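Encoded as structure tokens, the structure appears first; notes follow it.
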Amino acid sequence: MSSYTLAHICGAPYTGGRIRFSPDGGCILAPVGNRVTVYDLQTSKSTTFSSQTRSDIAIVSYHPTLPLAILIDVNGYGYILNLLRDRILHRLQFKSSSTVPTEKKQASHLPQNESQRLVFDAAFSPDANFFAVAIGSKLCVGYTDHALNTLQIWRAPNERIGWRMTLHRELVGHMDTITCLDWSTDSRFLITASNDLTVRLWSVDPIDGFVPCAFVDHRRPVKTAFFSKDMRRICAISKEGVIIVWKVTDEADSKGNAAKHLGRNKKKAEKVTAEKHADESGADADIATALWVKETQSYCNQASNTVVSRVAVNKNTNLIVIGFTGGLFGLYKFPSFDAIYTLRIGNELPVVDSVDISTDGDWLGLACSETGTLVVWEWKSETFVMKQQGHRSGIRCVAFSTGGSDAINIGGVVDKEMKGDVDQNYSGNKLGLGTRYLVATGGFDGKVKLWDSNSGVCFVTFEEHSASVEAICFTPQANAIITASLDGTVRAFDMLRYRNFRTLTASRVQFISVACDSSGSIVCAGSKGETNSVFIWSLQTGKLLDELHGHSAAVSSVAFHPNIAYSGFLVSASWDKFINVWNIYGRTDKGGATEPILNPSSIVAIAFDPRDNNLLAAAVLCGRIIFWDLDNSEVCFSSTKSTSAQQIGTIDGIRDLQTGRYHGEFYAANNSRGVKGQQEDLQAGLNRNQHFNSISYVSSGRMLVAGSRNSAHICVYNTETYSLLYTLTLTKNRSFAGILRELNSRYMTEYGHSIQEYDLSDEDEPVEGAAERRRIQAHQSLPGVQSSELMKHSKRFHVWQVSCSPDGRQFAAATSHGLYVYSMDAFIKTPNYAKEVLKSLGTFQPQLLTKNVTTGNVLAALEQKEYAKAFILALALNDFNTLLRCYENVPISAIGQVVASIDKEFVCVLLNFIRAVINPDSPNGTIHLNWHLLWLEEIFAIHMHTIGGVDSGNTWQGLSPCGKIDIRTMLLLLLRQLRQTKANVSGVLCSNAHTVEYIKRLAQNSWE
């Protein structure tokens, strides 16, 4: 079972659908494909739920009182998501009940996504008892179109009925798509807007005397309609920006301009209204029987050639946010509709696809799917609360920073110079900036972005490259980023000043791979083009030092030897099937001669084993991963005997790729047509045209992570047995082509083409202008382009590169639709109430079970103040809550005695427990920093010989979700948490030092 869980999807903050603020306004939920990302606006952190829907999410609806959300995808499937546990409680499909005969329904020959019923809006009632869904569809039967536009009212899910939903009522009346719905304050009425130019008023339950009515004053499709908070007005905004407000009035004031009643004649309506007025004796008429009259008509006065795309309303503050197709958005006051301001936020929002406003009305949420931009704007101060934008056309390469672990020597003596630099760097950064694990990504748009892997937030973007960034790496000191691009440049970016301080070039070549040596002063890059050479520069001077010839095809990958004893040895791999080993410091003595290593196919990626055992893994084009032992290599060890590198193992991963079938392919991905002897052939049914295009070692060297370009699966292999440990599926989103291995053949035309390749829809999309943008992109597309704005199929999922973190706790996959970050320490960083529910590690891994190791004996020993006995039993039981209770109840004077009585087998368990509770941001963390430091001081003082005597290759059983944990990795995690806490405290102290000194002086003066 996999130890990694999804933590973040970076590089794709928004992909379409509705964004929603949480009821408290502290978080915002944004759809990312078929998942939901939660951005905590108070702590600037984000997390992505691992729960998936079938297709792209279109609507996110937050429960008013419970930590639940209902997700609805583009195909009309609904999912009830528990936001605390990240679990889907119930699934259902929203579809309208129609009188169309079954045989006529089966006569449709359109693919499923064309005849599927779509949900255009949904919302909970204010009392949280009902859930309304606006369903619109167009079912084509023969030559007749049957418009089925339905408003469904469901009973909201609750614990009593097992979190299921039951249909309460179904209303039909609109002749075109229902674009919006809104609830009244008392949850008795609903109002809907439609493309049929009408606004209609409905009741949740049948009411005596209530006559459903339609408001027909608009001349263009209506984008939204809503009640006022006092329910005395109804406002509707059309596509062209016309705002009409109706108010409740009596019959005498209607002047013939009242809304039209439906289903009953006018005389009956007048009779009901008159009786109601007589019963109320002059009081205000109830909206169930009252007449509505147009009060005012206003205009948005937007720019020319722009229309209204999205509208959000805050009834508590009477604010309306209107987004337009030109990237503008306006803030208006209701009911006067005075424009507070109209603004455009840069070029990141060419069109506003979704808007929302927080509960207090201070923050505005804006999103654009075309650029992948998500913005939270504070309109009073006109400042950004959050601004995230992803890579356009996907992420090409990724690299983890090495400064968090490898820059510090654990178990050794850190010299004063390094210690001073580290302290200065980390204390100088605000709130622990330097302690973060950084991830650098390069995209097909030429941008380089820096991400915090713990928070999932981008904080720096470089835009110097003019073409796709093909490779990226950090210097060993983690003070610079080196990138290689197809624009013919290799650039170095400073991590302190965030600027491009060096540009390395060579004539008439494009660079597709890059590496930096252990000293950080030598940079090499592999090229493709006329020479297919490896270029070497000095990073300090920017001078081209050498050009290595020896390959006849593009140099797909380069890597320096990780062992510092062989820091000058460079390995290059090429599409010409050869691996060359170079000694760049000793080429003059050896005449530059190298002995190439021949592989069975073209090489697409290489990776060194981090255990300094001179093992090299190479992914080749035939779907294999070959392991080479370079101990016998002449160049590496300068032996007098001329020998070649030895192949010690092979992974045949072609069976593990599990690629899907695209719509344009003639056969399924597991096709075995035309193969004889299918019953005996174990390789039958395999797609032999697949391969791993990226590999990366975990820091321990015992696992290898591999990714394939055309597969949504990440394979993790054991490097000792060369076997598959587990497979991680990045996405199951059916909106992407190539996810399913078998497609329904009834959607194939007589010429063998899939009908899903064509745009057959002539209706407007739920997002204004989406169909036009899609057709423009299809017109500008070029054949053969698969990774830029000119590609024809943008809904294909590709995995371009994988990279592991230095501590092995995380790995990232650069894909065409974002950066998928998996972690062993992932937890839900949703609103604060989630921390109370998740106050457990979720695992029970006892170290020693006997009849005496029970929770009752632990608590009994604790009550009798036998702290050593209680703590040892708690460590043996290894239950988090029990161990935490003993840990916090041991007196300070007894800490040394308790630690001294602990057996060495339980030391790692205790260290791993402290690692889990030392992080206050974690659901398992506590704020008792001094208490943790006292325990750590006693542990290292008493058991340092035990910790120092453990080989780094050995493992101890711990409390972590991964079971066994490397002692080196655990100490690195402890160090990272301590340094992050120190940086946070130092940042707060430095910013308030003068204030504290001032208060101290005031206190001294008052005493005097």
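Positions of Cβ are set from backbone N, Cα and C atoms, glycine also.
Of all ranges given (89-109, 257-277, 761-781), TrEMBL attaches the label region 'Disordered' to 257-277. Counting same-chain residues at least six beyond the ends of the repeat 'WD' (171-205), those with a Cβ under 8 angstroms from any Cβ of the stretch are 96, 120-127, 129-130, 132, 134-136, 147-153, 212-216, 218-227, 229-231, 234, 236, 238, 259, 262, 287-288, 292, 311, 313, 315, 763-764, 766.
In the repeat 'WD' (548-584), helix, strand and coil residues by DSSP number 3 helix, 19 strand, 15 coil. Across the repeat 'WD' (171-205), the prediction's mean pLDDT works out to 91.
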